[in-house]
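The structure under discussion is supplied below as structure tokens; questions concerning it will follow.
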Amino acid sequence: MVKLVVGIGNPGRQYVWTRHNIGFLLLDSLASRFLGAFREAPRLYASFAKVEISSEAVVLMKPTTYVNLTGKAVLAAKKFFDVSMEDILVVADDINREFGFVRFRQDCGSGGHNGIKNTTQILQSNHYWQLRLGVGRPSYPGAEGVADYVLSSFSLNEKEKLNDFLEKGIEEIFPWLGC
């Protein structure tokens, strides 16, 4: 049996440290911890790393489709690795929660996240797991739009807390991974 962990984010160096790419950042942390190396898989519309966690085969996947088209890559990987819906986890940013908030659950809505919406639409089901990582919402006067906000870099204060936040997210999914 294989588990598929999909980080939602945008490809390209300009997006690496943006709020929308927190899913990719969490997968990078997991890959580093379990000695996985990402490689390109054009026919899966993604780069992926295979790791073993608690004797469980786990595929870490970062779609190359941009956030709003994530479902195409998830479906391709689901078919290629023959993964059941219960063994899919999608990691995404959540602007409806403050920075540092972590939520892990199954069978839930998109919360307005276009990558989650697209994944649910393409899979024709929301019966997969989600790890939502709060990145906050702009609240100061003259705040940039939501799209600009999620495509902007973390604040200095957030960067100082980012490793602990990612660790908190990883710990939240360890039971699902069998740890």
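Glycine is no exception: its Cβ is also placed from the backbone N, Cα and C atoms.
From a predicted model like this one, the values you see are computed outputs, not experimental measurements.
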Among Y15, Y149, which is the one Swiss-Prot gives for the tRNA site where Y66, N68, N114 also bind?
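For the tRNA site that includes Y66, N68, N114, Swiss-Prot also lists Y15.
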Quick one: which residues besides Y15, Y66, N68, N114 have a Cβ within 8 Å of the tRNA site's Cβ centroid, in sequence order?
I8, N10, H20, T65, V67, L69, T70, G115
Please report the Cα separation of N10 (site 'Discriminates between blocked and unblocked aminoacyl-tRNA') and Y66 (tRNA binding site) in Å, rounded to an integer.
4
Distance check, please: Cα of N68 (tRNA binding site) against Cα of H20 (active site, proton acceptor), rounded to an integer number of angstrom.
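About 11 Å separate the Cα atoms of these two residues.
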Could you say which of the recorded positions N10, N68, N114 has its Cβ with the most other Cβ atoms inside 10 Å?
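The most densely surrounded of these recorded positions is N10.
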